[in-house]
């Protein structure tokens, strides 16, 4: 409501009610961090080679039955081919040893008897259980992308559902549904069922994230609201992300890992009795008495006195009856707004491809996959803190372009690092992740400031949908690394730097009054273009 903050000012800013709610809502983001990237371990591909199903062959012949091939400049046993087992049997029966035979003359065949997988790092994954290798290798990035397809649906549906049924109901229903679907996913008997369930995990997970964010914005006091939206949710999400690799290290069977993650989510269900419905939403529905009851309970916990009448019935009904006259078409209606929207969509797609691509790539890096994932998560914490400081004191456009260039530049440098310099390559990738994480944070605030109030929600929703296209694409970008290990970095780095150039055509919003109407937005755009033309003339 327009005067809600004034009507509830008597509650103060940092009473027990607000502080407890702040930590409860932040705690839920730990679960979203835990669930966002478990496919990194569940869908990891262990070292493997063709199974040699013949107990009569000597150990020497079994090793020799797998040809060597060069992959990314390294000689290693083939993962998809073996020498004809029938020919090998004949040569072995005739008393030959592998050293006495020119093995390259033997016909190659595919792994008709399946594969043998190393259990040194992972006891089992969906790859080793359903043989998602060689010709079926594409199924792994597809499985990863189904989560982000679910994100797309959840982003579009959760807002409408929470507007109709309430923030609290949709939040806890999504939380419970996510736990149940992850549990069901652990019992999947096929890759297809796993993907279908993973789609719904994404749908409910993004619904939890969005509704918790909205609930915090609407219920928390103004001072805690800023901390919650700018840093609290992000840092707690990172904390959950940091816990994931250690849980995967302790539980190396994919089915058991999913059951543990599902069980940890159930822990948050009792918060139903501690987290209230949004009083703002109740007012928007004309449910004044229920809204006042929550506010009076907050006053009691904060040990302050509430006035006899908190909300005026007639004002509430008048505000609740107001409806938006704008639609998605208005985001594309005029030339200036259409251009701004197009540039924002490009930025969101490029940044999401880079961010999610690097997050999903940690198990493909040299070294310990669990440590690499942990370092990737740790990198985000200082990035969120730095981005908050920069947003308070620096112009948006140059900051965003600078970190897009930094992030993309480090990724492009990776192809110049010698194969032996694993640590340096890891540092460069984490530096790229740092730059992209800051860009991820800045573009969110920048986009919200570009659109006028009457179109802000629609514009952000459209950009969020475009972001899902980027995250759906990211697993396939990483999959290209099977053909050339540097190709994903070249694509992500080039796209990121190209988006930094596109960003320079957007107007600056730092320390400027947010536009309220379409006319004000167009005026800001025209002022910026006039300034650019002036510099061009000079």
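Every residue, even glycine, has its Cβ placed from backbone N, Cα and C.
Keep in mind that TrEMBL annotations are predicted by a computer and have not been checked by a curator.
Listed features, source TrEMBL:
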- 88-511: domain 'Major facilitator superfamily (MFS) profile' (DOMAIN)
- 17-41: transmembrane segment (TRANSMEM)
- 170-185: transmembrane segment (TRANSMEM)
- 191-216: transmembrane segment (TRANSMEM)
- 228-251: transmembrane segment (TRANSMEM)
- 257-275: transmembrane segment (TRANSMEM)
- 340-357: transmembrane segment (TRANSMEM)
- 369-391: transmembrane segment (TRANSMEM)
- 398-417: transmembrane segment (TRANSMEM)
- 423-446: transmembrane segment (TRANSMEM)
- 458-480: transmembrane segment (TRANSMEM)
- 486-506: transmembrane segment (TRANSMEM)
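Only residues 6 or more beyond the boundaries of the transmembrane segment (17-41), in the same chain, are considered here, and those with a CB under 8 A from a CB of the stretch are 11, 122, 125, 143-144, 147, 175, 178, 182, 198, 201, 205, 208-209, 212, 215-216, 219-221, 224, 227-228, 232-233, 235-245, 247-248, 254, 257-258, 261, 264-265, 268, 271, 274-276, 297-298, 301-302, 359-360, 362-363, 369, 373, 377.
When averaged over the domain 'Major facilitator superfamily (MFS) profile' (88-511), pLDDT in the model lands at 86. Distant neighbours of the transmembrane segment (170-185): 28, 31, 35, 158, 161-162, 194, 197-198, 200-201, 204-205, 207-208, 211-212, 215, 258-259, 261-263, 265-266, 268-269, 271-272, 275; these residues of the same chain sit at least 6 beyond its ends, with a Cβ under 8 Å from one of its Cβ atoms. With pairs at least 6 apart in sequence, the transmembrane segment (228-251) and the transmembrane segment (340-357) have fewer than 3 Cβ pairs within the 8 Å limit; the two do not touch. Between the transmembrane segment (398-417) and the stretches 369-391, 458-480, 486-506, Cβ pairs under 8 Å are most numerous for 486-506. With a cut-off of 8 Å between Cβ atoms, the residues of this chain six or more beyond the transmembrane segment (191-216) that come close are 21-22, 25, 28-29, 31-32, 35-36, 39, 126, 130, 132, 139, 142-143, 146-151, 153-155, 157-159, 161-162, 167-168, 170-171, 174-175, 177-178, 181-182, 184-185, 225, 228-229, 233, 275, 278.
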